[in-house]
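If you check Swiss-Prot, you get these features:
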type: ACT_SITE; residues: 137; note: active site
type: BINDING; residues: 63, 88, 115, 137; note: S-adenosyl-L-methionine binding site
type: BINDING; residues: 141, 173, 211, 212, 213, 214; note: substrate binding site
């Protein structure tokens, strides 16, 4: 398991939050750009999260553990009328996304660089249209499964912040985590799995850009599952 994936855990984040030394330009984005984009949990959250964005956005999408930010940036460019909130505690990954935000002048992204559960508890009820949890740390050893981000308590958080009819998308190349997520969502009762055939969960999401973890899984001979749930 990589240190980056280890940093993206469940109720708290385990492992180090910084890897290789940052280059000067990356340090600049962390010190000067991140404070402009970071959500301040000490402030009172707006009832309508579109107020967080200078861009004219109409819906809100949350990605937890965005890694290098390839998917988040792709979706932000693809959907300029959607406001994106990205959560990633790993400093090097945050620096990569910030470089893209600066280069592409993306105005529809806001960020949080700590425990995602803190942000989820801050968000107003029914304020999010879509949540992405893509290739989260699988914690493959059974004794560590309780550390997985998908849990009863975190699904309750998702259900609280998602609007009725909102989407929760989960992708993983680890079969036990896919089954774990299906079982937890079924037990919760507030999430409807949309699949009607195997092709529905074997086929990547529309306009899917791929991720580094997906590519690694393919090289190692593992296929991925792409689950979509609707918040009841």
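In case you wondered, yes, glycine gets a Cβ from its N, Cα and C as well.
Of all the binding-site residues listed here (141, 212), the one with the fewest other CB atoms within 10 A of its own CB is 141. Closest in space to residue 212 (substrate binding site), of the recorded positions given as 63, 88, 115, 137, is 137, taking the CA atom of each residue. Across the structure, residue 173 (substrate binding site) and residue 88 (S-adenosyl-L-methionine binding site) are spaced 20 Å apart at their Cα atoms.
Within the group of recorded positions (137, 214), the Cβ with the highest number of other Cβ atoms inside 10 Å belongs to 137. When secondary structure is read from DSSP and collapsed to three states, residue 63 (S-adenosyl-L-methionine binding site) falls in the strand class.
Taking the binding-site residues 63, 88, 115, 173 in turn, the residue surrounded by the fewest other Cβ atoms inside 10 Å of its Cβ turns out to be 115.
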